[in-house]
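Here is what Swiss-Prot records for this protein:
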BINDING   N9, W10, K11, G172, S212, G233, G234  substrate binding site
ACT_SITE  H94  active site, electrophile
ACT_SITE  E166  active site, proton acceptor
Amino acid sequence: MRRKIIAGNWKMNKTPSETVKLIEELKPLVKNDDVDVVFCVPAISLTTAIEAAKGSNISIGAENMFYEESGAYTGEIAPNMLTDIGVKYVIIGHSERREYFAESDITVNKKVLKALEHGITPIICCGESLTQREQGITIDWIRQQIKIAFLNVTAEQAATTVIAYEPIWAIGTGKVATTEQAQEVCAAIRVCIGELYGETTAEAIRIQYGGSVTAASAPELFTQSDIDGGLVGGASLKPDFGQIVNYK
């Protein structure tokens, strides 16, 4: 049985002082021994968040990282910088990074490899646009994203990663993929991993659904056979996140 993982993506929200306040507010609400709880916070708040989360079941993740360890990359953050302060997870390839910062599948792959090299668990995002869904190419599109993201990743490494399926048309729009749509794509992702690495790895890897997850939609989504939790956006900034974590 795969352990559920529910991660909050705070995006560009909350100052360091606001981060402390929110984590203190959420600590008692997200207690759940059966779920891995992760807060992915802005880079400037990572150290503060790690300190605030001490003694709780909350792990802290970054929202992005670069694929080099040092050098003339103004504004970027290296994986060894993240591990040095105790970061455990990193979101890679979020649709907003792809859209606003021109991240390609190849860039995503480089970041995945470097995160794994440094012992950081990557939360690898994939998803389709509304146009791609309407064209009926959702599965083909996502399979392509997965295959490139996992280039040169070993089966042992792949089993430790997290994949987040985020239909782009459902992010921050209030629209949610139906439970059937979400399960269909997550199942297809697991099949793709099985083709790349075999059934054992496919059954080990955890797949999240991300896209306007709410306390109301979480119970049905998270009880699907191939959905192992969620990558939660706006709702992770509210007390409602506690209800999502304790969805049962």
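Quick reminder: no glycine exception, Cβ is built from N, Cα and C everywhere.
On the structure: features taken from Swiss-Prot.
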{"residue": "N9", "record": "substrate binding site", "Cβ contacts under 8 Å, 6 or more apart": "C40, E63, I91, H94, G210, L231, V232, G233, S236"}
{"residue": "W10", "record": "substrate binding site", "Cβ contacts under 8 Å, 6 or more apart": "T19, F39, C40, V41, P42, E63, S236, L237"}
{"residue": "K11", "record": "substrate binding site", "Cβ contacts under 8 Å, 6 or more apart": "P42, E63, E96, G233"}
{"residue": "E166", "record": "active site, proton acceptor", "Cβ contacts under 8 Å, 6 or more apart": "H94, S95, C125, C126, G127, Y209, G210, G211, L231"}
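Looking only at other Cβ atoms within 10 Å, the busiest spot among the recorded positions H94, S212, G233 turns out to be H94.
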